[in-house]
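Chemist: Sharing the record's features from TrEMBL:
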type    : residues               : note
DOMAIN  : 7-399                  : domain 'Serine hydroxymethyltransferase-like'
BINDING : L119, G123, H124, L125 : (6S)-5,6,7,8-tetrahydrofolate binding site
SITE    : H229                   : site 'Plays an important role in substrate specificity'
MOD_RES : K230                   : N6-(pyridoxal phosphate)lysine
Amino acid sequence: MNISSIKKNDPRLAALVKAEETRQRTGLELIPSENYVSRAVLEALGTVFTNKYSEGYPGKRYYGGQVNTDAVEKIAIGRAKKIFHCDHANVQPYSGAPANLATYFAWMEPGDTIIGMELSHGGHLTHGDPRTAAAKVFNFIRYGIKNIETGEIDYEHLYDLAIKHKPKMILAGFSAYPRELDYKKFVDIAKEVGAVTIADIAHIAGLIAGKALKNPFDAGFHICTSTTHKTLRGPRGGLILSNGIVSNPLKPIDKKIENLPTLIDRSVFPGIQGGPHINVILAKAVAFSEALQPEFRIYASQVVKNAKRLAKKLMEKGFKLVTNGTDNHLLLVDMITSFNVSGGEAEKLYDSLGLTLNKNMIPNDSRKPYDPSGIRLGTPAITTRGMKEKDMDHIAGWMYDGIVHKKDEKYLNVLKEEIIEYCMQFSLPSDNKS
Ligand code: DSN
């Protein structure tokens, strides 16, 4: 991208932009929550919409001069509803954490109970970690995995918890779980206790958009929260979608549910946010249009094919994968069981080779979060660069060689050069001016 003005006015920062671009180009981005956006998305982020305040919603703003912002936000909303087949979309959340917080406040009163997935079993910090603001206000109860070898969720335990605690909301979704969820089971349990269902689809939104994974709304979920920058390949931002008001095949559980869109909108603004970032909403609209194209389905299906191939090849080389495989874009590896190397040590070693991934807790981890037993990696970004199954075989090989030769600096330097050379064959989507 052209950054000539930054270069002229602030060369130190321009050098950092350039260095980051080089890092992204010469390495393998394996963090499963990251991706490379298109040039159009990057351009949208840098438009004059960044200058504009527009508190409120289209047609009902608290500032003048909204003729263009209203049009942009309406387009983004329309495209989001079309992608996810739902009645309502709020495109204003700044990111995933505010989207979740706003959703909790939309439906619950302080002290109310919500059931979500245990952090170390794959849930997210915002699903009730005691250090978060939400956990100080609401009563979070956790469910987890029953069988760590298959990844099967303990639905019986979830049912028992629901009957015992009578939650207002039941939350499905994860940031480190490699399997598909049985959304219908969540809906059935929630119906028994009159709870509203939310799926945090931040990680898999692009895979749902591209029809590679199931859409929770098809099973009768009421709400999906998401980020827009992971598999969905848009700008950093959040999204709240809701359904059940018009077209949900299940009967509304409560009169109040019909009001869900209004409750969500009010909870985002003025509830927890101020003015929306309209340049980001423009970029979301651009990304949503890309996700509606037929090529995006090919992308989503290739992400999953690549993840399955990488899982297979790593397992063949002795990497112990939590749940022994993957159904989605991510892999969780127990590095202590595999090679007696901690997640922190592995992250550092791979970083030095240009393989970017992250240390991660594994279910029932006996180690601390800052240096846990596992690593988490995934295929969304490398698939965007055009990598296919055969490339996964190389990556598995490099990951194995890196561990085996972890004390051999000379070997690692040669490996690093090989990875750089390999990556240079694959352009970044932002290179493409068409
Ligand atoms: N930080 C994101 C992830 O990496 O999964 C979730 O918020």
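Using N, Cα and C of the backbone, Cβ positions are placed for all residues, glycine too.
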Chemist: Other than L119, G123, H124, L125, which residues of the chain come within 8 Å of the (6S)-5,6,7,8-tetrahydrofolate site, judged by Cβ distance to the Cβ centroid of those residues?
Modeler: G116, M117, E118, G122, T126, H127, G128, D129, F174, S175
Chemist: Just name the most isolated of the binding-site residues L119, L125, going by other Cβ atoms within 10 Å of its Cβ.
Modeler: L125
Chemist: Between L119 ((6S)-5,6,7,8-tetrahydrofolate binding site) and K230 (N6-(pyridoxal phosphate)lysine), what C-alpha distance do you get in Å?
Modeler: 19
Chemist: Counting other Cβ atoms within 10 Å, pick out the least crowded of the recorded positions H124, K230.
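Modeler: The recorded positions H124, K230 were compared, and H124 has the fewest Cβ atoms within 10 Å.
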Chemist: Hey, does DSSP put L125 ((6S)-5,6,7,8-tetrahydrofolate binding site) in a helix, a strand, or just coil?
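Modeler: Where L125 ((6S)-5,6,7,8-tetrahydrofolate binding site) sits, the three-state DSSP reduction gives helix.
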Chemist: Express the distance between the Cα positions of G123 ((6S)-5,6,7,8-tetrahydrofolate binding site) and K230 (N6-(pyridoxal phosphate)lysine) as a whole number of Å.
Modeler: 16
Chemist: Cβ-Cβ under 8 Å from H229 (site 'Plays an important role in substrate specificity'), same chain, 6 or more residues apart: which ones?
Modeler: S33, E34, N35, V37, P235, R236, G237
Chemist: I'd like to know the mean pLDDT over the domain 'Serine hydroxymethyltransferase-like' (7-399).
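Modeler: Here the predicted model's pLDDT, averaged over the domain 'Serine hydroxymethyltransferase-like' (7-399), is 95.
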